[in-house]
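Some notes on the structure that comes next.
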Amino acid sequence: MDRQHQNLDLKIELYFFFGTFISASVGTAALPVVKYLCLMFNPVLRRRSVWWRLRRLFLALMLLYVFIPVIVKLCPSIQAKLVFLNFVRVPYFIDLKRPLDQGLNHTHNFYLEPEPGVRVGVWHTVPAHMWRDAQNKDGHWFESSLGSAQSAILYLHGNAGTSLPAGAALTAVLFQVLSALGFHVIAFDYRGWGDSDGSPSELSMTSDALFIYHWLKVRLNKAPLYVWGHSLGTGVATNVVRRLCDRDSPPDALILESPFTNIREEAKSHPFSMVYRFLPGFDWFFLDTISANDIYFASDDNVNHISCPVLILHAEDDAVVPFHLGKKLYHAASRSQSLSGHKVQFVPFDSSLSYKHKFIYRSPELAHILRY
C-alpha cells in the first residue's frame with residue numbers, strides 16, 4: 001500500500017513538473033491546457049476536482065437558500081411582486097386592443113378611468129346570438145347592447161396575467177363558453193396589469209373592480225349581474241361583494257373558481273413555498289412580509305359579511321390553489337350567518353378530469369351548473 005502511495009505521489013510530482021516546465025516556456029496562457037492534461041491523465045486528481053466542484057455548488061446553493069429569505073424580509077416590495085406577478089405576461093406578444101386576434105370577433109376593447117389619470121383596459125364580449133350584429137360596430141353600440149336584458153358577468157382574473165388570465169387561447173374559449181350561455185362578459189385589467197396604468201395593490205384592485213361593477217350595473221337595465229373571480233381574483237371578488245353587501249346592493253350571485261381562504265394560507269400552500277415551508281421563521285420571513293404590504297385577500301372573513309348566493313368551483317388536482325383551501329372556504333361560507341337563507345354550493349371536479357387550476361371551463365356540465 002505504501003509503495004502505491006509513493007508511486008502516486010511520484011506521478012503527481014511529474015505531472016506538476018511537466019506543467020511548470022510548459023508554463024515557463026509558453027506562458028500563463030498554457031495553464032488551462034496543463035490543468036486539463038493533468039486531470040485527463042490522473043484519475044485521482046480528476047475525482048478530486050469533481051468532488052470539489054460539487055462541494056462548491058452545494059455551498060453556493062446553501063448560501064442562496066439563506067440569502068433569498070433575508071432579501072425578501074429586507075425588501076418587502078419583492079414579496080408583493082411575487083404575489084401579484086403582474087410583470088409576467090403570457091403570452092407576451094399580444095395586442096390587447098385587438099381581441100379579434102384571439103378569436104373573439106364579438107368583443108370590444110375600450111378604456112375607463114377609475115380615478116383621474118388612471119386608465120384601465122376593458123373587454124366586453126356580447127352574448128353569442130348577437131355576434132353577427134356586433135361585426136364592425138363601435139363602442140357606442142357595445143355599450144347600448146348592455147340594455148338588452150341579457151345577464152352579465154364581471155370577470156376578475158388572477159395574477160400573472162391580464163384579461164387573458166390563462167393565456168389567449170384558453171381565455172377566448174372561456175369567454176366563448178360564457179357568451180354561448182347568453183351572458184355579456186366584462187373583463188378588465190387591474191391597474192398595473194396588461195395595458196392598464198398604475199401599479200397594483202389589494203386596495204387598488206378592489207376599487208377598480210367596484211368602479212367597473214357600478215359602471216356596468218347602471219347600463220344593465222335591471223338585468224342580473226354576477227361577479228366571477230378566478231384564483232387571486234377570488235380574493236378581489238369577495239372584497240368587492242362584501243362592500244356591495246355592506247351597502248345593501250349585493251350582486252345576483254358570486255362565483256369563485258379555484259378560490260383560497262386567505263393569502264397567508266395560500267402562500268403557505270403554494271408549490272413555490274415548498275422549499276422554505278419547514279424553514280424556521282418561515283412565517284416571519286415570508287408571510288409577515290405579505291401582510292406588511294397590506295395584502296390579505298381574506299375571503300374566509302369576507303364570507304361572514306356576504307348576503308347573496310355563492311357558487312364555488314374547484315378541481316381536485318389543482319396544484320396552484322390546493323383543493324382543501326376551496327373546501328375550507330366552503331365550510332366557512334356554510335357557517336356564515338349572513339349567508340343563511342342564500343344558496344351556498346360547492347362543486348368539485350374529479351382529478352381524473354385533469355382540469356387542474358384553469359381548465360374548469362372544459363366541463364360539459366358547466367352550463368347546467370351555472371343555470372342551476
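Glycine is no exception: its Cβ is also placed from the backbone N, Cα and C atoms.
Residues or ranges marked as transmembrane segment by TrEMBL: 12-34, 54-72. What TrEMBL lists as domain 'AB hydrolase-1' is 152-286.
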Open item on the list: Just to be sure I understand, if DSSP states are collapsed into helix, strand and coil, how many residues of the domain 'AB hydrolase-1' (152-286) fall in each?
Closed with: 59 helix, 23 strand, 53 coil
Task: Beyond the flanks of the transmembrane segment (54-72) by 6 or more, those residues with Cβ under 8 Å of it - done: 78-79, 275-276, 279, 281, 285-286, 289
Open item on the list: Can you work out the mean pLDDT of the predicted model over the domain 'AB hydrolase-1' (152-286)?
Closed with: 90
